[in-house]
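Asks: One structure is given below, represented as C-alpha cells, and several questions about it will come after.
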Amino acid sequence: MPIFSNHVRLSSSLLQRLKRHVTAGVHRSFTTTEGNRPTIVHKRSLDILHDPWFNKVLIANIEEYAPVVYTPTVGLVCQNYSGLFRRPRGMYFSAEDRGEMMSMVYNWPAEQVDMIVVTDGSRVLGLGDLGVHGIGIAIGKLDLYVAAAGINPQRVLPVMIDVGTNNGKLLKDPLYLGLQQHRLDGDDYVAVVDEFMEAVFTRWPNVIVQFEDFQSKWAFKLLQRYRNTYRMFNDDVQGTAGVAIAGLLGAVRAQGRPMIDFPKQKIVVAGAGSAGIGVLNAARKTMARMLGNNEIAYESAKSQFWVVDAKGLITEGRENIDPDALPFARNLKEMDRQGLREGASLVEVVKQVKPDVLLGLSAVGGLFSKEVLEALKDSTSTRPAIFAMSNPTKNAECTPEVAFSILGDNIIFASGSPFRDVDLGNGRIGHCNQGNNMYLFPGIGLGTLLSGSRVISDGMLQAAAERLAAYMSDDEVIQGIIFPSISRIRDITQEVAAAVIKEAVEEDLAEGHNGMDARELRKLSQVN
C-alpha cells in the first residue's frame, strides 16, 4: 500500500464481505453465540424496553448519540458513577481476587467474547484517577464497537481492573464502589494484570483486548509486555496516534501538497503523556517510512518535533527526563541557535519555530491562549493546523471560535471533542473537524477479528491511519474538512477494517476467521 497515495484502492470483494458484516446490525436480527443466525426473542412490551441488548437503535442516530455514549458525556458520567450506579455493566477484577481470576472469568455467561475493553481507571480522559468509575469508558467504547463495527452486543465485555485509587476524594467517599486503598504499584500491579490477561485468553483464545485509560506510567510498559503475545492494543497510545496521523496527513493535503511532503512539516506538540508520546512515535515512524524507511531516516525524522510539557520545552538538559520522551529531547546547542532553552514556554517555542502544526494533547483547557495563537500567525505554513485534541470538552486546548477569530479562516482546526462549525460571515464556514478515535478503533478491532491475526502490528495500525487520511475527497480537504462526519462511521469502519485485513495478509499474520482461512483471505485481497 503506497503511503503517499491519496486514494488507497482496496479489494471490491473484500469490501463487499465487510459491508455484509457491518450492515447486519442495522436490522433487528439478534444473533446467537455463533454470530450468524437470528435468535428468537421470548420477550414482549416492557420486557424488551428494559433489556439493553434489544432496546437500542443507536446506529440510526449515531451522530446525535455518539456524544452521549462517548465523549464528552461519558466523562461526566465517570466522575459521578458510584452515585449513578443501578446495575453491573461488566466484570470487575480486583487486587483482592488474585489467584481466583481463572475461575472468575467463567462466571461471564457468554460462550464467546469477541471484544474486551479493559481499564484500571487511573487516567480517565483528562480527568485523572477515577478508580472503578472508569468502567463507564469501557462501556461507552463497546457501544461504539456495536454501532460502528456491527459487533454482536452479546459478545462484548467491559472490564475494570480495580487495584485501588490514589484519588483522595474517592478514598473518603462512603458511596465509592471500588477498593478504598491506594493503588498497587510495581510487581504487585503487573501480577494482577498478568493474571487477568492469562485468564481471559484461556477462556476466549480469539478475543481482542483494547486497553483504555491506563496512566502513562503503565500504558507503554503493558503495551510492550503483551503486544507480541496477545491480540491487544492500547487505544490511548495507538488509536489516538492513528487518528492524529490521519489528521496530520490531511492537513498536508489541505495545503495543496502531496502526503509525501509530511516529513517537511514542523510540529510543536504540547503534552508528553501516553497520548502525546504515542503520537510522536507514530508520526516519526510515518516520516521515516516516507524518507526511505531506514535508520538514518528514522533518526532524521525526530528533528521535526518540539515537545513542550508542564515544565516547558524538553531538551537534553532536563533532569530526570521521562525515558519515553528522551528520543524527542532537543539538543541544547541547537536550541541556543534557535533562541530557545530548556523549559522555554509554549509561546516562546511557537514564536521561534514558526510551526506548520500546533498539536495539543496536554489535557489543559485553554492552553492555546491568545498569545500562543497570535504567535502562530508567523507560521511558515501557507495554512497552519491547530489540533486541540484533549478530552473532554473543558480540557480542549482551545475552541474553534477562538482559533478562527484570531487566525482567520485560512487554518485547519481539529479537536478531540465535538464542536460546531464556526460561521465566519459572508458565507464562509470555519470547519471544526473532530479527530475522534472512533474513526479507527472499531475498524482496527473488526479487521483484526476477521483476519484472524494473532497480533496487531504497527503495519496494521499504519494502514488504518493511512486509509482514514485518504478517505476524504480532494474537494473536501481543500475546504478544510479532514475528518468525515460521524454519520458515515459504518462506511469508514468498513474501509479501515479492509485496510487492516489487507495489511495482515501482506505481513502473513492473517489466520482467517469463521470458516474462511488465510488462503481465501489472500485471494480476496488480490481481486482488482
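Just so it is clear, glycine is given a Cβ too, placed from its N, Cα and C backbone atoms.
Quick paste from TrEMBL:
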type     : residues         : note
ACT_SITE : Y70              : active site, proton donor
ACT_SITE : K141             : active site, proton acceptor
BINDING  : R123, N391, N436 : (S)-malate binding site
BINDING  : E212, D213, D236 : divalent metal cation binding site
DOMAIN   : 43-227           : domain 'Malic enzyme N-terminal'
DOMAIN   : 237-505          : domain 'Malic enzyme NAD-binding'
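Distances, neighbours, how buried they are, the whole picture for these features please.
Replies: Taking a C-beta cut-off of under 8 angstroms and a sequence separation of 6 or more, Y70 (active site, proton donor) has the following same-chain neighbours: G140, K141, D143, L144, N436, M438.
A 10 Å cutoff on Cβ-Cβ distances gives R123 ((S)-malate binding site) a total of 25 other Cβ atoms nearby, all chains included.
Sequence-distant contacts of E212 (divalent metal cation binding site), defined by Cβ-Cβ distance under 8 angstroms and a gap of at least six in the same chain, are V117, V118, T119, G134, I137, A138, K141, N234, D235, D236.
Residues belonging to the domain 'Malic enzyme N-terminal' (43-227) score a mean pLDDT of 90 in the model.
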Asks: Looking only at C-alpha atoms, tell me how far N391 ((S)-malate binding site) is from D213 (divalent metal cation binding site), rounded to the nearest Å.
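Replies: Between the alpha carbons of N391 ((S)-malate binding site) and D213 (divalent metal cation binding site) there are 12 Å.
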Asks: Neighbours of the divalent metal cation site E212, D213, D236: Cβ within 8 Å of the Cβ centroid, same chain, sequence order.
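Replies: Here the nearby residues are T119, R123, V124, I137, F211, F214, A219, N234, D235.
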Asks: Using only the residues recorded as binding (S)-malate (R123, N391, N436), report the maximum Cα-Cα distance in Å, whole number please.
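Replies: Site span for (S)-malate, by Cα atoms: 18 Å.
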Asks: I'd like the number of other C-beta atoms within 10 A of the C-beta of N391 ((S)-malate binding site), please.
Replies: 25
Asks: Which whole-number value in Å describes the distance between the Cα atoms of D213 (divalent metal cation binding site) and R123 ((S)-malate binding site)?
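Replies: Spelling it out, the Cα of D213 (divalent metal cation binding site) and the Cα of R123 ((S)-malate binding site) are 5 Å apart.
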